[in-house]
Amino acid sequence: MLSLGVNIDHIATLRQARRTVEPDPVAAAVIAELAGADGITVHLREDRRHIQDRDVRLLRQTVRTHLNLEMAATEEMVAIALEVKPDYVTLVPERREEITTEGGLDVAGQVSRLRDVVGQLQGSGIPVSLFIDPDPTQIAAAAQVGARWVELHTGRYAEASSAAQRQVELDHLEKASQQALQLGLRVNAGHGLTYWNVGPVARIPGMEELNIGHSIISRAVLVGLDRAVREMRQAMGLS
């Protein structure tokens, strides 16, 4: 069944803009869950630009749905994940100069290293998802390294400049989902999804979870977080 993972990074972005204590992502996670979020997602970046170590540790204690920790495949982040033990980890690419994650992880180009990281995490009981572009080579590599999930990068779909191009990108996502399922992978998706473009992605066969942050938090500024989460669930066709 399709579910909604709410990414609360930008609650922390607002807090860090003033280097203060509010708004608190931990409190936001509680509100999101009460409004119907099926999971909470946070990205602990190496530069700590928004989510902080404190947030991850407190969220592990307070989240009642599931906690998805997005992180780079570095020794530091693996050590934190092994300590905190989120419900699952999503490995993502990371560059300090980027505003947000700009593309999928190049799994095919680092199979040996990622196999080791995935094995270390999953050997400790932490399932691993890989954030990848909807590319056949990357999907095959994700299966090769032993990941449980792939999260398909929906950025090109979200940024398509015409209906025709959007349909092309949607077709790529559908084919990628089908390939992943055939290889025994579970399928999530995210990046750039909004209230206005989420519907077709939500209807892709086999899709398990959509991770959405910026659109929900942007709307929450105007209507409140509870309503913003509920409206996203409606846009996804969830009750």
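Here the Cβ of each residue, glycine as well, is placed from N, Cα and C on the backbone.
Among the candidates G36, G192, G199, G237, the one that Swiss-Prot lists alongside N7, R18, G213, H214 as binding 3-amino-2-oxopropyl phosphate is G192. Neighbour density at the Cβ, taken as the number of other Cβ atoms within 10 Å, is lowest among the recorded positions H10, R18, H43, H191 for R18. In terms of Cα distance, the binding-site residues that sit within 10 Å of G213 (3-amino-2-oxopropyl phosphate binding site) are D9, H10, chosen from D9, H10, R45, H50.
Sequence-distant contacts of N7 (3-amino-2-oxopropyl phosphate binding site), defined by Cβ-Cβ distance under 8 angstroms and a gap of at least six in the same chain, are T41, V42, H43, G190, N211, I212, G213, H214, I216.
Closest in space to D9 (1-deoxy-D-xylulose 5-phosphate binding site), of the recorded positions given as R18, E70, E151, is E70, taking the CA atom of each residue. The Cβ of G192 (3-amino-2-oxopropyl phosphate binding site) lies under 8 Å from the Cβ of T154, G155, Y157, A158, E159, H214, each of these being in the same chain and 6 or more residues away along the sequence.
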